[in-house]
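A.B. asks: Sharing a structure below in structure tokens format, with a few things to ask.
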Amino acid sequence: LPACKDSKLFIKDLHFDEVPVRIYCPRVPSASKRRGVVFFHGGCGMFGSIRSHERICRYIARKSDSVVVSVGYRLSPEHKYPAQTLDCLTATVCFLKTAENYGVDSDRIIVCGDSAGGTFTASICQELVNRRDIPKIRAQVLIYPFLQALNFNLPSHQKNAFVGFLSREHIVRFILKYLGKDWSMKEAVLAGSHVPENMNLKYRKWIYPDLIPEIFKLGYKPPLPTSFLPQVHEETKELFETRLSPLLAEDTVVCCLPDTCIITCEHDVLRDDGLLYKKRLEDNNVKVTWYHMQEGFH
């Protein structure tokens, strides 16, 4: 659908290297170049659109006096993973290179996304840390992001397992559907049978219930041990790629990431993904602003 008219914004639909985008620019003239925001909508990589997140993008553009670029990446399963991340990457790089054409200071561009959009945000910031041919991303904003597919038995998964809209079971169903995998592996992935012991040992320094602050672990009960299933591991290897699980990135990458804002919600199975990434970033001396919505839902 075309954009509705807005008395405070110029709104235009374009393509950045064949990726559809919608640009929201404040109508009031600016004495200097504006900030830029690249926005990736949520929806598990399968739902949502530029139109579904129209209100939030308008709001950001108006309230922050910024030029917002909303990215209409291709959706799974019609377009197989990682087409979604690649589209977001393409649009981001294109905007970083051409920002001045839209009255934007190329040194003041942030990337932002909610849920799966937060996954794309974290992944793209990691992929661009070593690029020298484009301006650096100034900051990233992660709104209740999905950041790892290693452990679905963290305190927030347990506490919010049956919370409406996004249950623990729904997460794994959506991920398997997003990757084009058989849903019959859902129970094995939920139990952690897709992860070999050596991988659990390697990543427990970053993904482990003991790393979650005690205030968020009330009532938590460690899960029972489970058997490793090699066939499930082989079928789901994409779950351990940093494009899907940015929490698994090495410290050499994490330490180079831009300033970060993380928003988490108490009644959200993904809450602990945000908490663990916050800790990782802080441990690597990345400046983090954290906002926790005590009564918030995914």
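Every residue, even glycine, has its Cβ placed from backbone N, Cα and C.
The domain 'Alpha/beta hydrolase fold-3' annotation in TrEMBL covers 37-182, 239-298.
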A.B. asks: Give me the DSSP three-state residue breakdown of the domain 'Alpha/beta hydrolase fold-3' (37-182), ordered helix, strand, coil.
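C.D. replies: So the counts come to 59 helix, 26 strand, 61 coil.
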A.B. asks: Based on DSSP, tally up the residues of the domain 'Alpha/beta hydrolase fold-3' (239-298) by helix, strand and coil.
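C.D. replies: Result for the domain 'Alpha/beta hydrolase fold-3' (239-298), in helix, strand, coil order: 22 helix, 19 strand, 19 coil.
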A.B. asks: Could you give the mean pLDDT over the domain 'Alpha/beta hydrolase fold-3' (37-182), rounded to a whole number?
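C.D. replies: Per the prediction, mean pLDDT sits at 97 for the domain 'Alpha/beta hydrolase fold-3' (37-182).
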